[in-house]
Structure formats: structure tokens, C-alpha cells
Amino acid sequence: MGTVSGPYTGGPSGPAGGQPGAVPGEQTGPTLGAPPQPGPQVVPADPHTHGPAESGTAPDQAGTTLLQGISQLVTNDPAVGEGPLGLIGDAAVVLDGDRVVWVGPRVSAPAADRALDLGQRAVLPGWVDSHSHLVFAGDRAAEFTARMAGRPYEAGGIGTTVAATRGVERTELLRLARLRVDEMVRGGTTTIETKTGYGLTVPDETTSAAVAAESGVDVVTFLGAHVVPPEFDGDPQGYLDLVCGPMLQAVARYVQFLDVFCEDGAFDGAQTRRVLAAGQRAGLGLKVHGNQLREGEGVRLAVEHGAVSVDHCTYLSDRDVDALAGSTTVATLLPACDLSTRQPPAPGRLLVDAGARIALASNCNPGSSYTSSMNLVVALGVLQCGLTAEEAVQAATTGGAAALRLPDVGFLAPGARADLHVLDAPSYEYLAYRVGMPLTRAVWRRGARVV
């Protein structure tokens, strides 16, 4: 039986001595990093040589795998465990291919072809990051530094990233996107949405969409309506003719959703309606960037058009909250963006208490939220947005799945995709309690161990 390094001993650490995590009567396997030994074992993938785009798409071996030594299993299925998170203590999980086929108490676990002891660590569904911008070149570190110092920085903004992205070859864009996907997976994120939006010409947006589709993400969103590019300065309607016509037609085969940035400096209410109508005609799911910088029309337009999600939701009126609570549109909160831009945190507590469905996502992008850490995002959901630890975990798993219309991720029960996040901690509560610590110990994605 293999082990995931040593047992949990109170915090992130190196391997403990001896043969920890053994079940009496079973042969123990090597600790993480030890030389391979004969007999059944799970050999951890090296994420630096086998990124998620390759090893994350197929199970490690044929047959079933029993994962045990789980101090606390978060299933997100109240039918199989306690409370809204469906918690099971001293738990086990059985994987078969890319699916979960059994969860329950360890003492009731069925036989499997191989076993792996997780050293009394907590296991959660992999994070579902439903909002990111991974296809870009360059960075905006100087802009960020100036903003934090209160200095003007005229060369900044989305246009800076658009210029950098247009200036590199497709192969370089793909390399960079795959590196970011790999980084996300190493942090426990197993379902990833990403957007176009840094090309803003038909060829560049098509390239961005194709790169995104090849990068190892699960969902691609078309964000041609990000901002008006400089070549259409003063002619937003002309640019929208392009977005809603040739550009949308060119990217349609690569994307599942359409998004629009409804905000001062981007697109107003009437323009947003036009973009959303084009997405509906194309049969795409709808998303809206809305209410990031001030109260506006974004939330209400998203609800009116039946959008799957409206993202940011930093500034909300009572009317906005009521609209979300009375709809199926998911309010996706991006607390790392609020932190990075020194905006007030999105009112997560208010939304939950009103009955709205929420998600948490990273908004990983080079300008306003250059982090891919969903562990951090969950902590900020608790520390900044007023969520309980339980609510934050749900928002980053089942909430994200709802925001992507993916029925088989975000939970761990028979039939779920085999996406598991092993913490170097005994409980999910440590995510906000030990904020900033490297708590991700191991990750399975689609049945393959990738960390």
C-alpha cells in the first residue's frame, strides 16, 4: 500500500519517520520521493514534467483504487455524510477510472485493486475555478506597484495586455497558458474555466480561443466584449458589429459561454444587451462581468437574460440582491480581485442570507488579480466576504460547478468525476484558519494523480 508522504503531524512538513499511515495487516508502501518498490503502489506524477493537460486526462492505472487514511472527507452530498458538506470522518474513497464509485467510512470500504493511505488528512472535491483569464502574454507588475503607491500609471490597463498578447506567437501563448493551468492544478483546482479577451481582433481572439481549448482547461468563454480596442476608439458600435458577427462566428467552435464586461469604460447597458442577444442566438451560455466598480446594470441584465452567472458583484443595490435571490443566476465573487484593487469586499454574507446562489473564483489575470490560488480565495471568502468556512468551501466547489453548468464536478459521491484535493491538515476549516500556508498535499484530476 502506498502512502502520501508522512501522516498529518500538525502542519505542512516533510516526510515523517517510520512507515506512517499503515493499516494493520497491510503492507506499507514507500513515502513520497522514496525509490520505487515492487508491488502495487501509486507513483505520484511530477507536475513539472507531466502537466495536467497530459496526465490529468487519464487515470493512473486500470482497475480500482482505494484511498484511505482520510481524517475528514468533504463530499458536498448530505445524503452520504453529515451536514451540508456531507462530512465523513475516518473515511475512504474508491476510484475506478475517472469516476468515484464509492465513499464512506473506512471500516466499510470494499476491496480494491490497490490502496493508498493519505496519512489522516482531509480530502475535498477539487476546486472549481469558474472565472479566469489565462491566455495572455506579459505582466503588469509596474502598474500594480504604482497603483498600490497611489501613483498614476498611464501605460497600464487591459490595453497593455492586449498589445503584449498580440505580439507573441501562438506556441508561446499555449506554453504560457499551460504553465498557468499547471499552477492552478498544483493548488488543488481541478476544474478550470478561462476566457479570451486579450486579442480583440478576429484572428487574435480565434487564436486565444483555440489556445484555451488546448491548454487543459475544462470550459472556454468568449470575451470579445472585454473593452473597445484602440483601433475602434470612438466607434464602439463598429467594434460590436465585429464581436457579434465575424468574431463570434470564428470562435464558436471552441467556446461554451459568452461574456461581456458591463461597466463604465467598457460597455453600457444597451451594448451589453446586444452582446448577450448575440450569444443567445449562437446557443452559448451567458456570463456577465458586472458591478465591479460601482452599482450598475450588469447584475439586472444578467438576471433578465438568464445568464448562468454574473461575476464580481462588488457593488450591489437592494434591487440587485433581490434580483439574484429570485433567479438561478449565480453570483460569482472574486475576493482576490477586490483585495488586489483595494475595493471593498463583495457582500457575500448579504447574498447568502438573501437566498442567492454564490460561487468563489480566482479571476486570475495579469492586471487586477494575479493569483491562481483558490485556497487563498476561500480564505478571503471567510475573512473578507463574511462567509462561514463551510459556505466558502461550497462556493468554491458546488457553486463553481453551478456557474459552469457542470453536473459531475464539485462533489465526491458515486458518479462524480474523480477530482480530489488532499490537504496537509485534518479539516477543511484550516483553509481560512492557516491562511497563506501551503496546505495542498496531493491532487487527483479525472482519476489521475497530478500532484
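Just so it is clear, glycine is given a Cβ too, placed from its N, Cα and C backbone atoms.
All TrEMBL annotations are machine predictions without curation.
The annotation Fe(3+) binding site is assigned in TrEMBL to HIS131, HIS133, HIS289, ASN363. Around HIS133 (Fe(3+) binding site), the same-chain residues at least 6 positions away in sequence with a Cβ under 8 Å from its Cβ are THR194, LYS195, GLY197, TYR198, LEU223, ASN363, CYS364, ASN365, PRO366.
Sequence-distant contacts (6 or more apart, same chain, Cβ under 8 Å) of HIS131 (Fe(3+) binding site) comprise GLU193, LYS195, SER309, ASP311, THR332, LEU334, ALA361, SER362, ASN363, ALA403. Taken from TrEMBL, the feature Zn(2+) binding site applies to HIS131, HIS133, HIS289, ASN363.
Taking Cβ-Cβ distances under 8 Å and a sequence gap of 6 or more within the same chain, the neighbours of HIS226 (4-imidazolone-5-propanoate binding site) are ILE158, GLY197, TYR198, LEU200, PHE261, ALA266. According to TrEMBL, the 4-imidazolone-5-propanoate binding site annotation covers ARG140, TYR198, HIS226, GLN292, SER368.
There are 22 other Cβ atoms within 10 Å of the Cβ belonging to GLY367 (N-formimidoyl-L-glutamate binding site). Residues annotated as N-formimidoyl-L-glutamate binding site in TrEMBL: TYR198, ASN365, GLY367.
Here TrEMBL flags 8-20 as compositional bias 'Gly residues'.
If you look up TrEMBL, you'll see 310-425 marked as domain 'Amidohydrolase-related'.
The region 'Disordered' annotation in TrEMBL covers 1-62.
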Would you kindly give the Cα-Cα distance separating GLY367 (N-formimidoyl-L-glutamate binding site) and GLN292 (4-imidazolone-5-propanoate binding site), rounded to the nearest Å?
14
Per DSSP, what is the helix/strand/coil residue tally across the domain 'Amidohydrolase-related' (310-425)?
45 helix, 18 strand, 53 coil
Name the residues of the same chain, 6+ apart in sequence, whose Cβ is under 8 Å from the Cβ of ARG140 (4-imidazolone-5-propanoate binding site)?
GLY156, THR160, THR161, PRO366, GLY367, TYR370
What whole-number Å value do you get for the CA-CA distance of HIS289 (Fe(3+) binding site) and SER368 (4-imidazolone-5-propanoate binding site)?
13
Within 8 Å of the centroid of the Cβ atoms of HIS131, HIS133, HIS289, ASN363, which other residues of that chain place their own Cβ, given that this set defines the recorded Zn(2+) site?
SER132, LYS195, ASP311, HIS312, LEU334, CYS337, ALA361, CYS364, ASN365, SER369
Does anything in the same chain, at least 6 positions from SER368 (4-imidazolone-5-propanoate binding site), have a Cβ under 8 Å from its Cβ, and if so what?
CYS337, SER340, THR341
Stretch-averaged pLDDT - the domain 'Amidohydrolase-related' (310-425):
98
Using the structure shown, find which entry in HIS289, ASN363, ASN365 (the binding-site residues) has the sparsest Cβ neighbourhood within 10 Å.
ASN365
